[in-house]
Amino acid sequence: MLVLGIESSCDETGLALYDTERGLLAHALHSQIAMHREYGGVVPELASRDHIRRALPLLEEVLAASGARRDDIDAIAFTQGPGLAGALLVGASIANALAFAWDKPTIGIHHLEGHLLSPLLVAEPPPFPFVALLVSGGHTQLMRVSDVGVYETLGETLDDAAGEAFDKTAKLLGLGYPGGPEVSRLAEAGTPGAVVLPRPMLHSVDLDFSFSGLKTAVLTQMKKLEAAHAGGAVLERAKADLARGFVDAAVDVLVAKSLAALKATRLKRLVVAGGVGANRQLRAALSAAAQKRGFDVHYPDLALCTDNGAMIALAGALRLARWPSQASRDYAFTVKPRWDLASLAR
């Protein structure tokens, strides 16, 4: 089965072709980072318009790279939610228009399910069941993943997502957009232990997260730094130390909660998905913990940590292989800007 995947939930336009027998044949991605940088964040209207411009050229790119023809495609999967309403509507409209014109069925995919399953795209995918740490700009969750469509929420953030905390910390430090990679790069120049920040809920009995207090602690420290240093190299070094303190605190919490989830479920496999999963400090800490504690940790390829069409094509193919009745030829669709992943549990 050959599935075309279309991702347009936020500021990346992604298309891909996934074959259930041959794997990922091709994927193409356009990021809108440069366009949104001058605004310091994603502008929804601009994002939607750019998806319209980019989708069909990316489709041609994917078809050319894979050697596939439109007649070879068996179904079209698209991100139905969650995400920006306008951006979702663009992707859904294009998917259904193509499906109608080509006489193909469609299937709407939960964006986070795509992230959860994205580590299955590697050469040696982890077998079910596993614990998944889903960590991105909008979500931070720990899930038990028993099979496709069989998900149990173990813990989640009570306020800010980890990626959101990274982005807001970057703004407090006067860094550019996107903030997450910028604050991580600055942290690498900081001195370990020079600034020690709180680890919210590190020792709580549950598996939930909270990052708003950590963000507030960064704000407090930043005000002190600006009052003590008018500027110059001293302030820049202090900001690097503060960035290091923030990243160390966030990573400590993510690692500790992941270990607790593995212990609670008695599983030995951890999958890390979402944009923050590309963070080098987080990967290093989890790999060290895995070696020490004797569990396996799996990540998507770095190129597939961000939003992408490959994960949507994969999720669509896996769902249609298990539940062919989920394919639709109605070509009437809704999008779900807010959509609880737990609602997919079977």
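These residue numbers are counts, starting from 1, taken along the chain as shown.
In case you wondered, yes, glycine gets a Cβ from its N, Cα and C as well.
Site annotation for substrate in Swiss-Prot covers Leu134, Val135, Ser136, Gly137, Gly138, Gly180, Asn279, and the matching candidate from Asp167, Asp296 is Asp167. Binding site for Fe cation per Swiss-Prot: His111, His115, plus Asp307 from the candidate set Asp252, Asp301, Asp307. Annotation for Asn279 (substrate binding site): spatial neighbours Gly180, Ser184, Val247, Val251, criterion Cβ-Cβ under 8 Å with sequence separation of six or more. A distance of 7 Å separates the Cα atom of Leu134 (substrate binding site) from that of His115 (Fe cation binding site). Annotation: His115 carries the greatest number of neighbouring Cβ atoms among the binding-site residues His111, His115 [cut-off 10 Å, Cβ to Cβ].
A helical conformation is recorded for Asp167 (substrate binding site) in the three-state DSSP classification. Candidate binding-site residues: Gly137, Gly138. Fewest other C-beta atoms within 10 angstroms, Gly138. For Ser136 (substrate binding site), the same-chain residues lying six or more positions away in sequence with a CB closer than 8 A to its CB are His115, Ala161, Ala162, Gly163, Gly274, Gly275, Val276, Gly277.
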